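Below: one structure, written as C-alpha cells.
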Amino acid sequence: MYDLLKTIDDPADLRRLDRRQLQPLADELRAFVLDSVSQTGGHLSSNLGTVELTIALHYVFDTPRDRIVWDVGHQTYPHKILTGRRDQMSTLRQLGGISGFPKRDESPYDTFGTAHSSTSISAALGMAIGSKLRGDDRFAIAVIGDGAMTAGMAFEAMNNAGVEDDVPLLVILNDNDMSISPPVGALNRHLARLMSGRFYAAARAGVERVLRHAPPVLDLARKLEEHAKGMIVPATLFEEFGFNYIGPIDGHDLDSLIPTLQNIKELRGPQFLHVVTKKGQGYKLAEADPVLYHGPGKFNPAEGIKPSTTPAKKTYTQVFGEWLCDAAELDSRVVGITPAMREGSGMVEFEKRFPDRYYDVGIAEQHAVTFAGGLATEGMKPVVAIYSTFLQRGYDQLIHDVALQNLPVVFAIDRAGLVGADGATHAGAYDLAFMRCIPNMTIMAASDENECRQMLYTALQQPNPTAVRYPRGAGTGVATVKQMAALPLGKGEVRRQSTQPAGKRIAILAFGTMVAPSLAAAEQLDATVANMRFVKPIDAALVRELAETHDAVVTVEEGCVMGGAGSACVEAMMESGVIRPVLQLGLPDRFIDHGDPAKLLASCGLDAAGIAKSIRERFVEHASGKSVKRVA
C-alpha cells in the first residue's frame with residue numbers, strides 16, 4: 001500500500017518519476033490524506049481537492065528554491081506529505097506535532113506562514129520582487145481560493161503586482177465553486193496551452209510594440225482580445241489588473257496542469273492561472289457534503305461521519321445561534337452579519353428563518369464592521385458574528401467607523417481564548433486588550449451558556465458598541481433560560497466567600513471561562529471568587545470592596561495578560577487608592593501552539609490546579625500558618 005508514495009521523501013524524488021507515474025501517485029496521496037485525517041481529525045474536503053495541483057507544482061517548479069505560498073493554508077496536507085512530513089501526519093494538529101497550516105519553522109518548503117485568508121498574493125509579490133532585487137531567478141507562486149479572492153487585500157496585491165512587468169509571479173486561483181463540462185473543458189485545455197505559450201506571449205508583446213505608436217488602434221486591439229477571451233473565459237477582470245490570464249483548466253487533470261505550468265515557467269511578468277477543482281474530490285461522501293467534511297474529527301472512512309449518539313453539552317456557538325433567532329423574532333430591526341462563517345458562527349438557522357436580515361459579506365471583515373455601522377445609523381440593530389482572531393482584521397473600522405461615532409453595533413465574538421488544534425493563528429488571545437482601550441466600548445465575558453445568552457440580550461439594549469466574548473466548543477452544561485433579562489451594566493457578582501481570617505484572605509477576580517476553574521481552585525485555597533462579567537466598564541466598586549476586605553488579589557482571564565482584564569482591575573485599585581499585592585494570571589507573552597485545549601490551558605497554568613499552584617507560589621500557603629506576603 002502506498003508503494004509510490006513511500007518513495008517520495010522530498011519533491012526531488014517526485015521530479016524523478018516518469019510522468020505516467022504521477023496519476024497513480026495522486027491516487028495514493030489522496031487515499032493517504034483520507035486515511036490520515038480520519039485518524040487525527042483536521043481539514044479534509046479542501047485537501048482532497050488540491051492533490052493534483054500540489055503534485056504538478058512540485059513536479060514543475062524547483063521547490064523550495066521557487067516559493068509557493070498557500071493562501072489560508074488548510075489545504076496543504078498533500079504539500080506536507082510530499083515535503084518530508086509523511087510519517088509525521090499521525091501527529092497532525094496535536095500538542096508537539098505538526099501544524100495544520102504552513103509554518104516557516106517547520107519546513108523550508110513552508111515559505112510563508114498562513115492561516116488567515118487573502119494574504120498569499122501580497123507575500124508572493126514581496127518574494128518575487130525580493131528575488132528580482134537580489135538577482136535570483138526564482139518564481140513566487142500564490143495559490144488562492146475563490147473565497148479568499150473576495151477580500152480586498154487580494155485585489156490590493158494584484159493592483160500592485162500588475163505594474164511589475166518582469167516580476168516572476170504566478171497567482172493560481174483554486175476555484176472550487178464551479179464546474180466545467182467536458183466539451184468546455186477540452187476547449188479550455190487547448191486555450192490554456194495556447195495562452196501560456198511563449199509564442200502567444202511574444203506575439204502579443206510584439207503587436208503592442210508595433211501599435212504603441214498608434215494608441216487608438218492599440219486600444220481597439222486590446223478590446224478585441226479581451227472580448228474574444230471574455231466569450232470563452234472570465235479573463236477581463238484579471239487582465240485589467242495587468243496579469244496574463246490563463247484558463248480555466250481542470251485542476252484534477254495532470255495532463256493539463258503540467259504542460260500549462262511548464263509554459264508559464266518560461267514567462268515573466270505577472271501570470272494568473274485559473275484552475276477548477278472539486279472539494280472532497282475522490283471521496284464521494286465529501287464530494288456530496290464538503291461542508292460536513294470541511295473539518296471533521298476522527299471518523300471511519302468506510303461509514304462516514306455519524307451523528308453522535310451520546311447527549312452533548314450545548315456549545316456557545318449554538319447558544320448564540322438560538323439567541324439570535326429569538327432576538328430577531330422579537331425585534332424586526334435585528335440584522336445578522338457574518339464574514340463567510342455561517343456554519344462556524346451558528347447562523348444556519350437564522351439564514352433559513354430570516355433570509356432578508358441575514359448578510360454573509362464574504363471574507364471581508366473590514367467591510368462587515370463598517371457595513372454594520374451603516375445599518376446602525378438607519379435604526380437597525382446589527383449583530384456581527386465574528387471569530388476573535390478575525391476581528392483583528394477589522395480593527396481600524398471598529399475604532400473609526402463604529403466606536404468613534406458611538407454606533408450601537410453588537411459584536412458576538414466567538415472562539416475567544418485558546419482554540420486548540422488550529423493553534424496560534426486562530427487563538428482569540430488579544431480581543432480584551434485591543435478593545436478595552438477603545439472609548440465607548442462595552443465588553444462582557446460569559447462564564448456559562450445562560451450568562452452568554454443574557455449578555456447578548458444586554459448588548460442589544462445598549463446605545464453604544466458592545467462586545468460579548470465566548471469560547472469555542474461546549475459550555476459548562478448550564479441550561480439556558482428562555483426569558484431574557486438585561487444584566488446590570490458594569491456589575492459583577494461574588495460567587496464564593498472566603499472563611500479565612502484577616503491576614504490570609506485572597507480574592508480571585510475571574511473573567512468568563514476562568515470562573516469555573518477559579519471556583520475549583522478556591523475550594524483548595526478557601527478563597528473568595530468574583531465573576532466579574534464586565535471587562536469594560538469594570539466593576540470598580542466591587543474591585544475596591546474586595547481589595548479592602550482581602551489581603552491579596554488575583555485576576556484570571558483567558559486572554560493576554562498585558563493590557564487585558566487584569567490590567568483593568570489593577571487600574572481600578574490604583575484609582576481607588578487601595579493597594580494590595582496582585583497576581584495577574586492569563587495567557588503568557590508568547591504565541592500558544594496547537595494541541596488539545598485542556599492541555600494547552602494546563603500548560604499556561606489556567607486550569608484549577610495551575611491557578612491554585614500559582615497562588616500558592618506567589619503567596620504564603622495557608623497551611624503554614626503565616627499571613628499572606630505583602631509583596632507589592
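If you go along the chain as it appears here, the first residue is 1 and each next one adds 1.
In case you wondered, yes, glycine gets a Cβ from its N, Cα and C as well.
Here the structure is a predicted model, which means the values were calculated and not measured.
Summary of the site annotation: Swiss-Prot records thiamine diphosphate binding at His74, Ala115, His116, Ser117, Gly147, Ala148, Tyr283, Glu365. Screening the candidates Asn176, Asn244, Asn406, Asn440 against this entry identifies Asn176 as the one listed for that site. Asn176 (thiamine diphosphate binding site) sits 7 Å from Asp146 (Mg(2+) binding site), taking the Cα positions as reference. The Cβ neighbour count for Asn176 (thiamine diphosphate binding site), using a 10 Å radius and every protein chain shown, is 23. Counted over all residue pairs in His74, Ala115, His116, Ser117, Gly147, Ala148, Asn176, Tyr283, Glu365, the record's binders of thiamine diphosphate, the longest Cα to Cα distance measures 33 angstrom. Minimal Cβ crowding within 10 Å, among the binding-site residues His74, His116, is found at His116. Note: the CA-CA distance between Asp146 (Mg(2+) binding site) and His74 (thiamine diphosphate binding site) rounds to 14 Å.
In the three-state DSSP assignment, the secondary structure recorded for Glu365 (thiamine diphosphate binding site) is helix.
Each of the binding-site residues Asp146, Glu365 was scored by the number of other CB atoms within 10 A of its CB, and the lowest score belongs to Asp146. Residue environment of Gly147 (thiamine diphosphate binding site) contains 18 other Cβ atoms, counted within 10 Å of its Cβ in all protein chains.
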